[in-house]
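Report on the following structure.
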Amino acid sequence: MAHGPHLVIIGVGHVGSDVLTYATTLGLFARISLIDIDQDVSKGQALDHHQATGVPPMLSTVVEQADYTACADADVIIVAAGPSVSPAAAESVGTASRNSLAEINAPVIRQVMAGISAHTHSAAVILITNPLDVNVHIASTEFDYPRSLIFGTGTALDSARLRRIIADRTGVSPDSVQAFMLGEHGATAFPYLSHATVGGLTLPEISKILDIPAFDHEEIGKAVVDAAFDVFYSKKWTSSGIARSAIALARNVVLDQKAVAPVCTVADGVLGFHGEVSLSLPAIVGANGVERHLEIPLDDWETEHLTISAESVRRVYDSVAEH
Ligand SMILES: NC(=O)c1ccc[n+]([C@@H]2O[C@H](COP(=O)([O-])OP(=O)(O)OC[C@H]3O[C@@H](n4cnc5c(N)ncnc54)[C@H](O)[C@@H]3O)[C@@H](O)[C@H]2O)c1
């Protein structure tokens, strides 16, 4: 048995398989266990990636097919189980709504959480499956699992897209951009531009210095939300950005980075929420999972959009809640 950090990936379809690729490339884990309801898929992925670790200069990570008993000594569990929106379904209703997955993926998350919590209560569980915020609420409120250890990638991915857009418009590296999307991972996600910076400068300051058009929150918010569909309608799924986001969060846990990231958790005792909904807000992520939320200042537009987002998530959650 390999010693060192242990990652379990549950669901190794398009997204889980990219998570696996980034995880092996990063070399952060000594052992990676794969669980999928389709055992041919988990077996094939495990064999393929285990063989790939023979290629220099990759590390000798053990990649194995597994069942839920592997969760017992996991440090991080990443969940990408359950279907995505099918391009055919999206075409027939004219939109690819993540919320349309609630009915099919709520039972998947209940099955996955039952499997995990039968074997561990100490691994950080990072959820990817959509509708993300609803699934985080189910996992966090219906199971006796430490809440701080359950979180979703949430708007970490949307924030990466936002940083990329601001970087492209200002002509600087995304590394120099500090900016978050907040709220629902979905249509109502909104940009937190009042406190976005480029190289420490506010957006109005950098726009003036570079003599570029001012950033408008409605326009840029729509550009970020649409960015997912630009990928989806051409490639038919999205996987790279989300996989990198999930692995970045796993790294924050394994290396106890205390990084500030917009992750999805039950909002409780922050910005007027009392556990009624899960959505993405800036939080400190380290070895103990989501260690604390930051009570951020919001302007009127941001406050209004946070309320819209919370209402949207809660409505979908109520449609699949088990009372
Ligand atoms: N949060 C995000 O930003 C984000 C981004 C992209 C995709 N997603 C979501 O990630 C999920 C996976 O997307 P995908 O494109 O990889 O789908 P996919 O259909 O390619 O893969 C899903 C995998 O889950 C497995 N699975 C299904 N039910 C299971 C169960 N009960 N237990 C274990 N495994 C199970 C399937 O066999 C399959 O291998 C979808 O819900 C999708 O919407 C989220």
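Cβ atoms are placed via backbone N, Cα and C, with glycine included.
TrEMBL lists GLY11, VAL12, GLY13, HIS14, VAL15, GLY16, ASN105, ILE128, THR129, ASN130 as binding NAD(+), and of ASP36, ASP144 the one it places in that same site is ASP36. Minimal Cβ crowding within 10 Å, among the binding-site residues GLY11, GLY13, is found at GLY13. Within the same chain, residues at least 6 positions away in sequence whose Cβ sits under 8 Å from that of VAL15 (NAD(+) binding site) are ALA80, SER84, ILE128, TRP237, THR238, SER239, ILE242, ALA243.
Sorting the domain 'Lactate/malate dehydrogenase N-terminal' (7-152) by DSSP state (H, G, I as helix; E, B as strand; all else coil) yields 73 helix, 24 strand, 49 coil. Across GLY11, VAL12, GLY13, HIS14, VAL15, GLY16, ASP36, ASN105, ILE128, THR129, ASN130, which the record gives as binding NAD(+), the greatest C-alpha separation is 17 Å. Separation of the C-alpha atoms of ASN130 (NAD(+) binding site) and HIS185 (active site, proton acceptor): 9 Å, rounded to the nearest whole number. For the domain 'Lactate/malate dehydrogenase C-terminal' (155-319), the model's average pLDDT works out to 96.
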